[in-house]
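S.K.: Mind having a look at this structure? Questions to follow.
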C-alpha cells in the first residue's frame, strides 16, 4: 500500500548526511513573536543553566553560528532583518543573541501556558497520492495524482482550510486496478484533471491568498520523507519544473513523534500514531485529503502535549538532508511558481 511505499524511505533519515551549511536559497528568516519586557524564565541554580535542554540547544546553535563565514553571517542577519554591519565577531554575537531570545521566548510561552507554538503561525500538511502498482518494479515512475493540503493555526489549534485537486498523469496515463482500489481515485477523475504544472500554480495561488510567508510564518509538514524527497522531486523532473523553493524544507512528523513519545520507528505509521494518541481515523484511508486531515490531528495533539514542531528535513541539490536541531529556526519562504527546466 501507499503508506508502505513511503515507509521504505523512513529509516534512510537516520543515515542521511548531516549538514551544517545554511540553505543558500532560503530567503525567509522571520522573527519569533516574543514577549518583550517580560522576565526571562529562571533556570534552577541547583541544576545549572547549561543542564537545561533549552540552553543546550542554544549552545548547539552557537556552534552552528561559529562555523559561518562572514558572508554567511551577513546573509543570515539580512534574512532576519538585523543590522549587517560590524566585524565578524560582532555579527556572530548579534545572531547568537537573536537566536537565544527565540529559544527563551518559546520556553517562557510553554511554561506560562501561552501559545503552544510561538514560531509558525500556520502549518500546512501535505500527503500526496501517486500512481502505483501492486508489485512495483524498481524503475516504476510514481506520478502525483492527488495534491491535498490542510492548513491549521498553531495559535488557535484549529484546522482553518484545505485544498485538494486531482492530477492527470502523463507517463503512466492508465491507473492500475490496484491504485484505483487503494486510493479511491478513478480513471475518470484523473482524465478530467489538469496536469501537475497547472495544479501547482493553483496551489501557489492558494498559499499566497493565505498570506503565508509574507504576513504569516508557516511550514510544510509531511508524514515521512517520501512526499517531498520522492514524489515531489520525481514529479518536478517529469514536468520539467525546478523544485519549488517553498517545499524545500519541511517537518517530518514521524521523526518528531518517535522522538517525543519515545516509540520505535515501526510504531510511527499513521494508524499507529492515531491509536497511541487515543484517536480514530476519520474518513477514507489513502484518500490524500483525509490522510492529510488525520496527520493534522496528530500534529495538533502533539502541540497540545508540548512538542514544538520544527523543520527537520530539506532537499539540497536533489538529495534528502536532515536539518540539525542546532540550526536557527526558520519558516518556509513566500510561495512562488517554480521556473521551467531548460
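Note: Cβ is positioned from N, Cα and C throughout, glycine not excepted.
Sequence annotations record features per position, and here TrEMBL assigns compositional bias 'Pro residues' to 331-342. Here TrEMBL flags 65-99 as domain 'SAP'. As annotated by TrEMBL, domain 'Exonuclease' applies to 122-308. As annotated by TrEMBL, region 'Disordered' applies to 1-26, 319-342.
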S.K.: Which numbers of helix, strand and coil residues does DSSP report for the region 'Disordered' (319-342)?
M.R.: 0 helix, 5 strand, 19 coil
S.K.: Please give the average pLDDT for the domain 'Exonuclease' (122-308) in this predicted model.
M.R.: 95
S.K.: Per DSSP, what is the residue count of the domain 'SAP' (65-99) in each of helix, strand and coil?
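M.R.: So the counts come to 24 helix, 0 strand, 11 coil.
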